[in-house]
Amino acid sequence: MSDMEDENPRNNRGAKWQKEWGRLRSFLGGSTRLTRRQSQWQKGDGFTMVDLDLEGKPLQTSEIDGERQQDAETDCFGKNCQIFKVAASGRLSEFRQLCQNDVTRLQSRDRAGATPLHHAAGNDNLSIMEYILKLNNGGWGVICKPGDKQPTVVDVNAQDHHGRTPLHWAVREGHPQAVELLLQKGADAEIKDEEQAAPIHTAVETGQVECLKALLHHPDRVNVNLPGHGGAIPLHYAAWADRKQCMKLLIANGALPCLQCNAGYTAIHQAALKSNCGTLEYLIQLSEEKGYKREMLLSFKNKQDQMPLHAAVNGGNKEAVVRLIRIGARIDAKQDDESTPMHLASSQGALDIIKLMMESADKNRQTIHLRDVQQMTPLHKAAMFDHTGTVEYLLEEGADLNCTDSEERSPLLLAASRGAWKTVKVLLSRGADANLRDLNSRNFLHLAILGGGGVATFHGELGTGSLRDLLDEKDEFGCTPLHYASEQGHLKSIELLLQQGASAKVKNNEKQSALHFAAKYGRLNTVRSLLNSPQGPNIINDPDGLGDTALHMASANGHTAVVKFLLQKGAFIHKCQGGRTALHRAAIGGHTQTMRVLLSTHAHLLNQTDKEGNTALHLAAMESKPATVLFLMTEEAEFKLNNNKKTFFEEAIELKNRDVAMAIVGHDRWIEAMTTFSRCDDFPPIYKLIDVLPDICMYVLDKCRTTASCDEKSQEFWIKYDYEFLQCPLDWRYKMIKEGIAEVPPLAVLNKMVDANRVELLSHPVCINFLDMKWNAYGRFVYLSNLFIYAIFLIFLTIFVATAAHPTSHNDFVAGSNTSSANETSVNGSSVNDSSVNGSGIHALHNMCQFKERHWLENICIVICLAFGAFNVLKEIAQMMHQKQKYFRDVTNLLEWCLYIATLVFIIPFLTDACEREDIVRLQWQMGAVAVFLAWFNLMLYLQRFDIFGIFIVMYIEILKTLLQVLMVFSFLVIAFGLAFYILGLSADTLAHSTAGLSFFQTGMMILEGPDAVDNVIVPYVQKTLLYPELTIVFIVAFVLLMPILLMNLLIGLAVGDISGVQRNAQLKRLAMQVELHTELEAKLPEWLVKRVDKVEVTVYPNRNCKGKLANWLTQIRASMGIDDGNSVDHDAARGDALNSTVTTRCLAVAIDKQKRRMKEMNSMLVQQGQLLRLIVQKMEIRTEADDRDVGDAAPMCRSGSARPATAPRSSSKNSLSRA
């Protein structure tokens, strides 16, 4: 700093003043940038005059605003470098010359964003300021090009990078004349910088009284109550910074002392909080002169209803408290939580302030009895925060020693619950009543233990009668102090309580003793202390209200060390009221280490059941504890049925416990688990896996397919398929059916896959080969036999239709009537005319009705077709009676009925004379056409069950369904255009639209062929034969766009989409049809035959050529079409992703289980090492604080009625103000 700067009173700000301004900024919600800004001002914010030579170089240098001088000298280079220095120096002539050379220099900025006007205002160079400002009004000549208008080159409200205007610079540096000039020239006095400070805030903040006067001379331009940073008005700044003169000017010009900042504080609050006592009194005096009453000023409240005296107490300002009390502040004033200044001072332990308030304003000592919203007195506040000096003073002044708050806590109970042990000793020595209880009926000892267990602090008083009676008293929950000491693990307190005669047999409302608490929370040393006491043998097996002993509690929470200790001490294995042992409880929690300890001592617990028939294995499976399930399965636990006839595996499946199911299937005993179930009224577990956990079922199927360990290309390589889980046991199935317990269909497992739409399961190699086994066993013989019989019928029907004489034209029926007179030919067949039917005329039709005159092959065809049709009609009737409603849901049955009826209607007339009648002949041959069409169509449906043809037939049928659905939707357009063309008379010469029906038909054909524009539109239009030519053309164009183009493209798109979808699902549909076929067949086969052909497993040698030529040829065709039977060596590669995913998941689960076991082992080792270290410390007689507390394995749960920590009073301390 230069000497000039040191002499400047504006720059002579001490570190303390700077610190206080930082506090104000923090109080108003400021940022760290405020402090940085203040520190920059400390360096000498005033711009001093600089003398320049003719070349513009400074002759003398003095410090010019630290940072800004550095910024200007760094950035001002080239043509704009000089203008900032000249503006700061005040040489008008040189400045004018620079501007005349280039007027845009006035708009240049330095690094800080300041203009030349900023530098001139900051250095009080009025002449340069006037020159710059008059340029806006054309008052000075500026060299411009001819014809140019005088430009406005300066913004009087330009802001630098910190948001400060030239008016900010002038005010901050204390130049009132510059301030006056800027205001006259239109400067905006309400512009705020980046710290939300307007020039008037800066003037008050820096103590620039003259500048403040200059600002206040323009009341129309300056708002004296303008909110600044944090909503503080200038009066707040003056009160905080102890600016009396500024305060006087502000109030004289209309500043309102009642206005609040964003934190809710008035200027009086801030003066009290800052302990600016002179300012405080002066502010009150000035406010009174303006008509404010003193009582009103002292009762101003912030958002928390705190008055100035509250603020002074929170700030710890004794002098401010004295001044406020002297001028009339009430010490019994309450804030929103009804705390008085006495409450706040007591909470802080401000004994000097308390004495001051008591001696000066409370001669009758009434304030020490006032209560806040929690009904706490100042003594409560002092006791809860362990301010012993304050407590003793309040007691001496007459405070009630045993008064209670809203929770009925006395100061002694409150101090004990907060761990204020010094205050506890003081209160006990003063005779506080230790027999009082809070709302939860907890006495002094209850709260002392809950507050930290500091009973050792006053162990001498425990022997006295008043405290001794509290040892076994119960609270609202029936707990004694020993219960809470056991729960918290306070060993020292437990020892003292037991030494003084506390009973360990006392139970709470749930009939639990202190030992139950200690065992529940894993307090091993507490359990040891309790059992080593004389009462130990009497409580070790004592049950609670539910029949649980301490062993149950420790086992349920996995406290292995406690369980081991209890067993060593002779704890018995009892069952609770639900019939559960300690092993059941450990299994529910998944504590395998605890279970291992229990089974090592009592192995008979492994298979014991509770009242619901659940073993420990059941409970572990239901609670989703895979590690526990694996442990019990390894320990050879029995797979029993509970009272619900469920095994542990079935319970896990029904609860969707996937991890447990995966663990069970991955265990060595997985086959036993899969085959154990209630054979009376339930299905095997795999039946439920399909529906609930299909991925686990996939893993089961993977395990049912095993391969040889030799080379995959070897002739000895084999693949074994196990079908045990794909079908219900035959004996059990037939037994269920015979006894009428349940209707178990054949292939129930595969049917469940179909019903659940499990494509991935049906396409598994095991399922595919299982169906192949069924097909080879009986399916192909039955199905191929039916197909052979149907083929015979189809062949003879086709031969008969192809060779039999039939009418080929309308003349065959009308020839006799038209030529009877000419040729004398009757129609009854006595003679025939010369017309021919298939070369033989009407005589051939007559011969077809005569059995003897027909060819023998025709007679055979008629007999076979008649027999086949009649037999199948009877078969369909029987099938209808058997399947009932299901029969009518199959469209194939409707097609077969149409086929058989059409066949009989076509054949029967040939056996009678009805074929000589014209109407019968017409109907007969129409039915023949229907019969032959349906016969061949039905053959296609027969073939869809074969792999080679099935996928294409299924695709065709699916696309056909889509086509029919689309045509049904767009039939409305056919009707619309058909009626329109009928009315317009389109194709009048061909009569295609002569009637509405023909118009519909022709419109439908036009969709496929497209309209014949030449014959139907163009020629009639040219010949002017169209009735409505213009409208007809419009409809034709609309028809072409909407029907042939749009509809056909839509159909093509749907067809392509359906093909893709059918290709994805064709395998499922084909397999589903095979499942249905085998189900129907097996249901009809006798029991002995099914048992004879059924196989449990099949071994396949894929590299051996042991098949016939036909079988090999079919296999090659199937392979070329992408149909895999699952026997190929490359099958695993095809299913690689699915198999690898399953195996990876299983390996990951196993790895996680191993890691869990290792972590538990490490945890056990750490516990043992900790116990070893503790023994070493005890042997070395080293005393630590940890010896007084039993940590245990788990923190205690919060009880519903536990004592809540007392709430600290709402205050306005420095930290709370900053937060506000």
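Quick reminder: no glycine exception, Cβ is built from N, Cα and C everywhere.
Database features, via TrEMBL:
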- 112-134: repeat 'ANK' (REPEAT)
- 162-194: repeat 'ANK' (REPEAT)
- 230-255: repeat 'ANK' (REPEAT)
- 304-336: repeat 'ANK' (REPEAT)
- 374-406: repeat 'ANK' (REPEAT)
- 407-439: repeat 'ANK' (REPEAT)
- 477-509: repeat 'ANK' (REPEAT)
- 510-542: repeat 'ANK' (REPEAT)
- 546-571: repeat 'ANK' (REPEAT)
- 578-610: repeat 'ANK' (REPEAT)
- 612-644: repeat 'ANK' (REPEAT)
- 781-805: transmembrane segment (TRANSMEM)
- 850-1066: domain 'Ion transport' (DOMAIN)
- 856-874: transmembrane segment (TRANSMEM)
- 894-911: transmembrane segment (TRANSMEM)
- 923-943: transmembrane segment (TRANSMEM)
- 963-984: transmembrane segment (TRANSMEM)
- 1033-1056: transmembrane segment (TRANSMEM)
- 1187-1220: region 'Disordered' (REGION)
- 1199-1213: compositional bias 'Low complexity' (COMPBIAS)
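With DSSP states grouped into helix (H, G, I), strand (E, B) and coil, the repeat 'ANK' (510-542) comes out at 20 helix, 0 strand, 13 coil. With DSSP states grouped into helix (H, G, I), strand (E, B) and coil, the repeat 'ANK' (407-439) comes out at 16 helix, 0 strand, 17 coil. At the 8 Å Cβ threshold, with sequence separation of at least 6, the repeat 'ANK' (546-571) lacks contact with the repeat 'ANK' (477-509), having fewer than 3 such pairs. Beyond the ends of the repeat 'ANK' (510-542), by six or more residues, the same chain brings 478, 480, 482-487, 489, 491, 494-495, 498, 503-504, 548-551, 553-554, 556-557, 559, 561-562, 565-566, 569-572, 574, 1190, 1192-1196 to within a C-beta distance below 8 angstroms of the stretch. Across the repeat 'ANK' (612-644), DSSP helix (H, G, I), strand (E, B) and coil residues number 16 helix, 0 strand, 17 coil.
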